[in-house]
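Pulled from Swiss-Prot, these are the features on record:
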type     : residues : note
COMPBIAS : 408-417  : compositional bias 'Basic and acidic residues'
MOD_RES  : S394     : phosphoserine
MOD_RES  : S416     : phosphoserine
MOD_RES  : S419     : phosphoserine
REGION   : 397-424  : region 'Disordered'
TOPO_DOM : 30-53    : topological domain 'Lumenal'
TOPO_DOM : 169-228  : topological domain 'Lumenal'
TOPO_DOM : 285-303  : topological domain 'Lumenal'
Amino acid sequence: MEKQCCSHPVICSLSTMYTFLLGAIFIALSSSRILLVKYSANEENKYDYLPTTVNVCSELVKLVFCVLVSFCVIKKDHQSRNLKYASWKEFSDFMKWSIPAFLYFLDNLIVFYVLSYLQPAMAVIFSNFSIITTALLFRIVLKRRLNWIQWASLLTLFLSIVALTAGTKTLQHNLAGRGFHHDAFFSPSNSCLLFRSECPRKDNCTAKEWTFPEAKWNTTARVFSHIRLGMGHVLIIVQCFISSMANIYNEKILKEGNQLTESIFIQNSKLYFFGILFNGLTLGLQRSNRDQIKNCGFFYGHSAFSVALIFVTAFQGLSVAFILKFLDNMFHVLMAQVTTVIITTVSVLVFDFRPSLEFFLEAPSVLLSIFIYNASKPQVPEYAPRQERIRDLSGNLWERSSGDGEELERLTKPKSDESDEDTF
């Protein structure tokens, strides 16, 4: 691998440039998304609009974009004949995309809940727990190996997050920060005003629908009474598991078998179709959602921030798809850590976030654990990455390594023996 890269420095430099560019785009979009979710809330840290409308619109934007590009790809490669007939196996492969779509659907909804309870800085710090869940699924689902240093760094990361949670007990009353006042695009109609006036306590029905009752934790357990777990902490742990499962399964079906050589835009079209389906069912089956859309309209409560959030969420999802297709999950998780630094800085400057001394002492431990994990990639033969070779429909031979961060590589020798094994 190294010799091939050295013999083609131009190709290597372009690959590195594209990798850094993709990572930078993902970081910018992820940071913008968190900030826009926070800015789109009202003064009470609730949402005047239905968050599901943001998700269904972003899925629609992604689907339209991918379908248009897919038609261009199919027309260019003269593959229109593949659209005429569909076997049972193709239908089964198509239905596989419903699983990550459903998980992404849950993940995108939980984000709105989390930021109703936590400061953006605290949310991104606690989201580092996804490194642990992703590493576990890496080992179980994708059969990727981790050495003992990496496992130790994951344990340190977990303990750092627990300590950080305990250190925020003095900020529980103001974790969500302050809300914002902004003008909506559409003024409510008479039927909408009547609908809102009929809500209990003259409150916004949407706001009541999208909040959890206050929960008190550790009221009986004295051993862990100093750890102040709130609803926001529980939700973000659940989100870490869901997002890790979604990304791991998505990477698996993006790269398995013949899917490896299929266009990413065709694959994403299947994923986003189910995304629209699940979000649309949520809007249609939930009575409160139907009543609000019927009386106030689909875009009631939306502002410039929520409209911008639709497009940022869409393009952030596309960037994740490119990372999972051409890189891997660990690159995605490690790039997300840069978002932690950005959001923490913005929270101090904008959201009136005042970190305590414990925060400054414990937050670097989280980032240090991440650095140790990334710097301790196994180099010994025991953990050598497994090589897979796949031939596409045009006869080109491709090679993919299962190691962290390895990219898909085309083998240029047309008559190379596929049974030969590379030595490392």
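In case you wondered, yes, glycine gets a Cβ from its N, Cα and C as well.
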Structural state census, the topological domain 'Lumenal' (30-53) (DSSP three-state):
13 helix, 0 strand, 11 coil
Looking only at the topological domain 'Lumenal' (30-53), what is the mean pLDDT?
87
Helix, strand, coil residue numbers for the topological domain 'Lumenal' (285-303) per DSSP?
11 helix, 0 strand, 8 coil
